[in-house]
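First the structure, which I've put down as structure tokens, then a few questions once you've had a look.
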Amino acid sequence: MATLEGFPASFYGEPGVLGMLANGISAFLVLLQNFNTAHTGKEAYGVENILAVHLILIGGICQLIAGLLSFRKYDHLSGTAFIGYAALWASYGATRIYSGVSDNQTTNQTSNLSLSTDLMTNISLNGSEEIPGGYFFLSIKESAIAGLIPYILLSFLLAFCSATVNYIMPFVFGAITATLIFEAVGIVASSWALVVSGVLELLILIFAIYGSAVLLLKGLTQRLALKGFGTPLFNVLLLGIGNSASAQSIGQEKKKNTKYAEPMALGFFCDSIAPFIFAFYSFGYMKSFGLGAAWVSIISFAQLFSSYYAHLRQDCYHTTKFGFHATYWLIKAWGEFVASTLIGNKSEVGSAREAMVGNWFFVVAGLILCVGSLNMDILELIHNMLFVLVTVSTVPQIPLEGYYIFFGVACALFTAVSIYGTFARLVNSIAEKLLIPVGKQPVSTANMKKALKWGKSQQVGSEMVPHTDQTSDVLFYLLNGVAALSAIHSKVSSMNPTFLHLTIPWVLISGAIIQAYVSRLQVTGGGRFGSVISSIYVGVWATWTWFRFATLLQLSTGAAYAFTAGAIALLVINGFLMLIAYKNLVLLLLTTVMEVALVCFLLSTLQRLPYRLEAMLALVAIICVYGILATLVSGIFSERLIPMGPPLLKEVKKQETSPELPCPIASSRLTSGLLKIAGILEEGGVCGIPTDTVYALAASCKNPQAIEKIYNIKDRPAEKPICVCISSVEQLVAAKPPFSPLLWEFMRNVYPGGISCIVKKGDWLFQLVGPAYDRVGTRDSIMIRVPDHTVTGHLCNITGPLAITSANPSGEADSTHHSMVIRLGHKIQGVLCDGDSNEVVASTVVNCLKIDETITIVREGCVPAVKVYQIFERIKS
């Protein structure tokens, strides 16, 4: 069903086909270059750029699409792996392009060879005196190795984890791991490593083609026609350590969300690559950060996808965390790019950095995130504390002699924890159990709420806050705070070209580029004005940055007046934002202070700025700190604990007479409502009821005529059977069906839940459904449902077994809200209202008629087929 949140998992085909082929073809492209280099003894000029572009398009973009679709198909492993490898191939393609351009420049400028050699060995911003600006192509090999090493480690982890899912992907990912090792060796060694790498890349291609064929046939035939998928090399539960089962009690029990896979492993994956590259650079291994900026930028944009899918999962904390980290890595990457390639003078960079204060906002925001992680687990808390250490290590007031050593050590520690976090989050996501230890919850939820609740906020403590609003609001305040603090400059620093160069990435990336992403999140945020404010502020900070850059160009007075006109326009627009920012006092205060800051900008364009007014930008940053804390806490606990201030204007809602409902409705939260629907069912009515998946039409098995009504209501073909819904397996045990021990064990592992089992019909069914025996199931089989839903279970206890089917006309989309069922009111006798359904797709149907031999998936629904096969193989073994 199409919804604002996306499509259900079963609406997507097999994105693994695209992902596997992208890996195979990418390996083949690199193979061609490696064999050519090994055969001729020299790099191929010109053609390597063409192949590199194809590497970015196929290995990068195509595989990125496969990863995005895998997340929507609730495939944790494939989503993480495909997006991670997309970043790898795109980065490696960029490396080949850099290398090709660099080789061509070297060929055309042979007179400068000795100078280039001296530069490669003697000068670097983080190791010695200075680099003349413009040397973008220094340390290409070193940068490539710095990027490949963390990918080797993470690729090995992906290969290991994939062995718990099937036995094709471990060979593909394992071959990629070995290939990356020899690619790294080939960069610094002789051609033999390229030959070995080429052979391994051929194996990747073969494995990828076979894996793609298996998945393609599975998608076409809806069964595993070829071997390779569905059977893991070993059971993921074997990875359980100690009493990990007890870890289930930590933290809040999160609501299951099977619309999208968990993006936490991808976020930790990206947090392993960027700091590793920075550590290599900080320790002096890389002389320039030209190519390093490309590697870090690509992996940072991949991390934004982990933030995006956390937003879709209504996870405020991880939306903020991964967006926050991606912003920091991007800013640091391009800051070091400017310092090492455009400026290069050590003393100039050091003195200019002393006037920069934007990094302090990252320190403060990191501490706030530490507070939020007190409600998570020890791993999250340690990870956030180390990130604070990373931000502290880059405070520009630290002397340059110790700056890079401190930064390198902090990045090394952060990388180690991130790699462990990748492994732990990925395994725990695949198993959907806490197998790899992540530590207990540092502070209980009750104590956190008690500590964070401010004064009179108790009066509104029960106010429920929409998740979609809060997930984007935290990043909105964070980015504007970074941009505002970074834009502060004094009269002396404003005349320093080095300072202006260094501050451009800070304002542009946080205020414009990443805030454009936040604007996209706020489109579906549920607010009346959506992304208006964030979109306008994208323009404000982009204009501010462009003016800062134009100052470097020393534009004419007439050109400067063009910025004056733009500043006036922004002043007027922000004035309208102040009128619509009545949502809360904090937002109104922010837009008001931004109005004063824009006055400062206007005066800057006229060269009439009294610099003490720049303190308004500091005030913007302070307001944003409060906004981050309040909205993050509200998003984590779904409750307004820290006040944001009441709306200044209260909307007067018109008293509209609600239209007469076409059928009786009842609330699932009221016992009287449940009894009302139970009474209607007992009398032979058909009602819409909630389940653990989508809404269903139900009829009591005591009234066979009511079951016949369902066929008429849905226009359902007579050959399509209706299943039986019971409250627990014990209800089934009472009927004494002659099931095999394996079937009983399988049912006890999947019930209650979003799985329906087809079993053999028999006389035992008379004891369960009585007169409805001929109205449910087929002549030989019956499908049994035990929903993991308290309301449905109580209803079945009151009425006895129910005959149910999805509450939609046959062939149309499933009903995911009670309002969609009420539309059928002229045909049904009642609706039990329970709000949004837990899922957007029906249950997974498993044929258990020959369970002693095997099972087959009749329909893949909210529970992935891979998980069903994992449960079956575990029980069978």
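A Cβ is built for glycine as well, from the same backbone N, Cα and C atoms used for every other residue.
Small disclaimer: the values here were computed from a predicted structure and weren't measured.
This is the feature table in TrEMBL:
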TRANSMEM  12-31  transmembrane segment
TRANSMEM  171-195  transmembrane segment
TRANSMEM  202-221  transmembrane segment
TRANSMEM  263-283  transmembrane segment
TRANSMEM  289-310  transmembrane segment
TRANSMEM  355-374  transmembrane segment
TRANSMEM  404-423  transmembrane segment
TRANSMEM  498-517  transmembrane segment
TRANSMEM  529-547  transmembrane segment
TRANSMEM  559-580  transmembrane segment
TRANSMEM  585-604  transmembrane segment
TRANSMEM  616-637  transmembrane segment
DOMAIN    671-863  domain 'YrdC-like'
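I'd like to know what surrounds each of these features in this structure.
Below 8 angstroms of C-beta separation, residues 71, 76, 79-80, 83-84, 87, 126, 142-143, 145-147, 149-151, 153-154, 289, 292, 295-296, 299-300, 302-303, 305-310, 313, 318, 321-322, 325-326, 329, 332-333, 336, 383, 390, 404-405, 407-408, 411-412, 414-415, 418-419, 421-422, 425-426, 429 of the same chain, each at least six residues beyond the ends of the transmembrane segment (263-283), sit close to that stretch.
Same-chain residues lying 6 or more positions outside the transmembrane segment (404-423) and placing a CB less than 8 Å from one of its CB atoms are 126, 150, 153-154, 157, 161, 264-265, 268-269, 271-272, 275-276, 278-279, 281-284, 379, 382-383, 386-387, 389-390, 392-394, 398, 436.
Residues 304, 308, 323, 326-327, 330-331, 334-335, 337-339, 342-343, 345, 348-349, 351-353, 355-356, 358, 475-476, 479-480, 482-483, 486-487, 489, 534-535, 537-542, 544-545, 548-549, 551-552 of the same chain, all 6+ positions outside the transmembrane segment (498-517), place their C-beta atoms under 8 angstroms from a C-beta of that stretch.
Sequence-remote contacts of a segment are chain residues at least 6 beyond its ends whose Cβ falls under 8 Å from one of its Cβ atoms, and for the transmembrane segment (529-547) they are 472, 476, 480, 483, 487, 504, 507-508, 510-512, 515-516, 518-523, 563, 566-567, 570, 573-574, 577, 580-581, 587, 591, 594, 598, 601, 604-605.
For the transmembrane segment (559-580), same-chain residues at least 6 beyond its ends with a Cβ under 8 Å from one of its own Cβ atoms are 529, 532-533, 536, 539-540, 543, 546-547, 550, 588, 591-592, 594-595, 598-599, 601-602, 605-607.
With a threshold of 8 Å between CB atoms, the same-chain residues lying at least 6 positions outside the transmembrane segment (585-604) that come near it are 477, 480, 484, 533, 537, 540, 543-544, 547, 564, 567-568, 570-571, 574-575, 577-578, 610, 613-614, 616-617, 619-620, 623-624, 626-627, 630, 644-646, 648.
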Limited to the domain 'YrdC-like' (671-863), I'd like the whole-number average of pLDDT.
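Taking every residue of the domain 'YrdC-like' (671-863) together, the mean pLDDT is 88.
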Quick check for me: are there 3+ Cβ pairs below 8 Å between the transmembrane segment (355-374) and the transmembrane segment (202-221), leaving out pairs under 6 residues apart?
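No; fewer than 3 Cβ pairs under 8 Å.
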